[in-house]
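First the structure, in the form of structure tokens, and then the observations on it.
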Amino acid sequence: MSTSPSISTAAPNRGVSSFTLKVVAIVGMTFNHFCYIFFPYLPTEVLCVLFGFGGLTFPIMAFLLVEGYHHTSNTKRYASRLLVFALVSQVPYGLFLSHDLNVLFTLLIGLGILYLYDTMESRTGFWLVAASLTAVSALCDWGILGPLMILMMRVIPDRRQRVILPLLLPILGDGLPALSNYLAAFDLELLPPVLYPLLGCTATIPLLLAYNGSRGHPMKWLFYAYYPAHILVLGLAKGLLLSDWTLGF
């Protein structure tokens, strides 16, 4: 369990709860993976809307991981459960989306880095191990940006900056190059990758700043269980309805 203060910035009786954030993340990941799996069959305008909303998902998941780490009474049990869901999720993820490791592995690496940050006495040793784990995350969904965002949400002192600064990584690192490519070609098909970070990640900032630190309706591990389940359903739907068993784009 972390001794750092909660990342919440809103008053307890106002703002949004973790339950609300999880619902938004579930909708966002569903839209995002629907786009990836059915990409060849969707008009660009639909891709723009759904990808834009999908950009909300990982920042919320990273944020909630930091909150979960802060509140958990047993980090190792938390990590073991996350590992189980990551392993289970890899089956539908590998069949229908990508040969990379799924985002739950990214979160697991981030959780490990948080734990080491609070437990390792040697700062030099910590940064060496953290750098190695971050390098491994290049094999995962969201790559090295994922653990970096998670660590920033833990170590930055100012609560508002803990939300804003990590989100600048995908906004500036992914969004601006994608925008440059779009403007150079002015091809509408290049717009969805622009909206994912520039619209989705940017829209996450006010949502996370409105977090009031409350749990809301308990969802327990349903949030993580939904991840492999919806990928499996979407992948099977494409295969059975369209006779297309290829990976998403």
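Our numbering is plain: 1 for the first residue shown, then up by one each step along the chain.
Quick reminder: no glycine exception, Cβ is built from N, Cα and C everywhere.
Taken verbatim from TrEMBL:
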| type | residues | note |
| --- | --- | --- |
| TRANSMEM | 20-39 | transmembrane segment |
| TRANSMEM | 46-66 | transmembrane segment |
| TRANSMEM | 78-96 | transmembrane segment |
| TRANSMEM | 126-151 | transmembrane segment |
| TRANSMEM | 163-184 | transmembrane segment |
| TRANSMEM | 190-209 | transmembrane segment |
| TRANSMEM | 221-241 | transmembrane segment |
Ask   = Quick one: do the transmembrane segment (20-39) and the transmembrane segment (190-209) reach 3+ CB pairs under 8 Å, ignoring pairs fewer than 6 apart in sequence?
value = yes
Query = Any residues 6+ beyond the ends of the transmembrane segment (78-96) with a Cβ under 8 Å from its own?
reply = 37, 68-69, 72, 102, 104-105, 107-108, 111-112, 115, 221, 224-225, 227-228, 231-232, 234-235, 238, 247-248
